[in-house]
Structure formats: C-alpha cells, structure tokens
Amino acid sequence: MKPENKLPVLDLISAEMKTVVNTLQPDLPSWPATGTIAEQRQYYTLERRFWNAGAPEMATRAYMVPTKYGQVETRLFCPQPDSPATLFYLHGGGFILGNLDTHDRIMRLLASYSQCTVIGIDYPLSPEARFPQAIEEIVAACCYFHQQAEDYQINMSRIGFAGDSAGAMLALASALWLRDKQIDCGKIAGVLLWYGLYGLRDSVTRRLLGGVWDGLTQQDLQMYEEAYLSNDADRESPYYCLFNNDLTREVPPCFIAGAEFDPLLDDSRLLYQTLAAHQQPCEFKLYPGTLHAFLHYSRMMKTADEALRDGAQFFTAQL
C-alpha cells in the first residue's frame, strides 16, 4: 500500500484523541528511532510517567517468582482485603518494550473498577527472550500463585487474564495454553483483550491504517514479529497465530475491545466473529475515534477510562 493511499488518520480521530497526540512533554528527549532497544525501552518508560500519574492508591506488593528460566517480577494491586478473584495483567509494547511501571495506572484502575486483585507479570522481553518463553513464564507465575494463594492471601479460585496489544495476545495465549495442557490454576472466569494482535498477517485495516503516530506500519509489525519469534515455523504456532488454535470449545468468556483507527482492528473483529460463530461467550466493543494504545491516556481521555470500566464490568459479571 502506497502511504498516500492510507486513510488520513490524524484528521479523523476524536477531539480527545487529538489532544493526546498534541500533548507535549517539554522535558522529554526525542524518540531514539535509530537507537538501541535498550534506549527505546528507557525512553518508553520516561514517556509513560506522565500518563501514569494520579492513579488510585491501594495496597501494592512486589514479589519475585521462580520459573525454569529464572526469577520473574510480579506486582500485586489489592483494592480490598477479600477479593472475589485475581486478574493477571500482561502489558503491551510489541513484545520488546514495556514493564510494570509503564502500565501502572492501567492496572490500578482495573483493580479499582473490578475490586479484584490484579497481578502484573513482568514477562521477559524480546529479542532476548524468544517465543514461547514469555507464555511459559506467565503460566509459571500463575501456577506459583495458585499453589501459594493462602500464603499471599489472594483468591485464586477464580482468575482472569487481561492485556493490551501484544499483552492481549499473551493473555489469550496463556489461557489457551492452560486449557490445552490441562493445567489447573483456578477457574478462568474471563479474558480481557484491548486492541490485540491474534495472528493475521494481512488485512484491510493493516493496509489502510498504521503510521509514525502509532508505530504500527507493516515494517514495524514485521520487526516486532521477528524479534519475538524463534523461527519461521513459529508463525503458525497455535499460541502465536491464535486462529490456528481450537476456538470452538472451552474458550473463557472474552471481552474484545477495538480501536477504530488501529491497524490491528481486524484481528479483534475476526476473533470476535470466530468465537461468536461457535457459541463461545464473547463481547466486542469498538471505541470510536481512537488510536492503538489509547488505554494509556485515561488522564485525558474519557474513552480510555470507559474502556477500562467496560472490561472490569465484563469480568465481574462472569464471577
């Protein structure tokens, strides 16, 4: 697709989305487009500080959890002593960026709105860790907390997975991994998926959308994939291309959120249509006027706050 054939996205987004796009952080250095991944990670963490400010206060605990690869950091957000369930949150960032700090506000709001314990898992990033290591560490953390639930005073009888972007893929992939391998980590009550990628390699939205404003050009998407996967065969794995998994049975209830001007939107639409066609419990909601990653911007965007409330409400309705 020639760039000039793409939609004029920045002219079409909502007023509050435009406010976010035009928000300047004077103390922030320029994006290191040609820098190392380490420099890009550092910039991403700095840039997200502004958007994470003002989040709800609540009891927070940090634990290192053992896996076969080593220790993985986790952070527990506890809005009340007697939580009805536990939600595991997987951050976005194209598999190569992000951490528990970059998504702190999202996790706090999700905990506040659901009144469930939220556990953020700082899964290993790529390219240092290749598929399926992140999923294996996520599953290991879930199993650890299930086994140690009494010691950590958390309710693991009912759990859920949630994530944005690449984290949404990891959330659903982890739920399917537990199902397929018959691993008991508590009943999976629901999966919350904000603007994820689930296995499409081409689509209408991937052609019409994506640019420097969201870091999701076709070249960007290819770069993230090459960093994450170990080899070409992994592209067809049912835990990367989730459409190659069995979506006709025992899929936990899924809340699927799409951003109107996100090149990954067709992934969400296809996931919803596939699940619905096979009578798997699911809900799809499109958020008009939004770009990919809008969930970060709840300081300025009512739509971002609404999307988090919607996900929390969906999850608690399954309990």
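A Cβ is built for glycine as well, from the same backbone N, Cα and C atoms used for every other residue.
Per Swiss-Prot, these features apply:
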type: ACT_SITE; residues: S165; note: active site
type: ACT_SITE; residues: D262; note: active site
type: ACT_SITE; residues: H292; note: active site
Out of S165, D262, H292, the listed active-site residues, fewest other Cβ atoms within 10 Å surround the Cβ of H292
Rounded Cα distance in angstrom between H292 (active site) and D262 (active site) is 5
Mapped onto three states, the DSSP assignment of S165 (active site) reads coil
